[in-house]
């Protein structure tokens with residue numbers, strides 16, 4: 001559609017006899033903005049990619065043939081009108097009506113390729129294992145059997161080592177992921193603080209006030225270093241009794257010659 005309007009920089013005013021021209025409708029050529037992905041196709045980087053059949057629900061119109069899906073993967077946007085649709089959609093009119101030969105059913109891509117490949121590999125392994133068992137049981141000589149057993153033992157050791165290495169790597173990866181999650185929980189920066197959980201396991205709370213035992217030092221004891229002096233003997237009497245030991249309860253003062261012992 002094309003129409004006319006006054007230019008913004010124009011300052012003239014049309015007279016009373018001015019008649020605005022009627023708008024003109026013209027059909028433009030079809031382009032990428034006029035089409036979208038058809039049923040069973042999905043947009044992928046500015047192109048339509050066909051989806052597997054097992055990923056699609058059942059469409060009654062496609063099943064009974066009333067709507068034909070274009071093999072180009074495009075259809076016209078609903079309500080869009082353009083010319084030259086056949087230059088983009090070559091087998092339909094863009095609305096589900098066929099204009100050319102229908103594509104063969106083999107062009108439809110089916111899913112499950114990964115599962116079929118795994119099943120094929122499993123069958124091949126079974127065949128190889130059966131042939132090896134038949135050779136070992138009926139054809140191989142004792143020397144060949146001994147060599148095969150030795151080779152099988154070496155292969156088993158290698159597989160066990162490879163499995164242990166893979167398990168260690170997986171455990172290290174899990175530890176790193178767990179450390180990163182713990183650091184994020186505590187507001188850290190990633191997984192740089194790996195042994196967070198181990199250190200939290202060693203946390204010991206402080207004891208309560210009633211559990212603390214007050215240590216009281218033992219009383220000081222004072223021992224005398226002097227020997228007890230004997231009393232002088234009289235002419236008729238025996239010698240006087242020796243001096244008794246020091247008793248701190250009888251001495252209120254300090255004695256410089258005394259030694260304090262615990």
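The backbone N, Cα and C atoms fix where each Cβ goes, and this holds for glycine too.
Taken from TrEMBL, the feature compositional bias 'Gly residues' applies to 226-246.
What TrEMBL lists as compositional bias 'Acidic residues' is 252-262.
Feature annotation from TrEMBL assigns domain 'Sortilin C-terminal' to 2-85. Per-residue pLDDT, averaged along the domain 'Sortilin C-terminal' (2-85), amounts to 85 for this model.
Residues annotated as region 'Disordered' in TrEMBL: 93-112 (among others).
Feature annotation from TrEMBL assigns region 'Disordered' to 218-262 (among others).
Long-range contacts of the transmembrane segment (117-139) within the same chain: residues 145, 148, each at least 6 residues beyond the stretch ends and with a Cβ under 8 Å from a Cβ of the stretch. Per TrEMBL, transmembrane segment is recorded for 117-139 (among others).
Positions annotated as transmembrane segment by TrEMBL: 151-175 (among others).
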Over the span of the domain 'Sortilin C-terminal' (2-85), count residues by DSSP class, listing helix, strand and coil in order.
11 helix, 16 strand, 57 coil
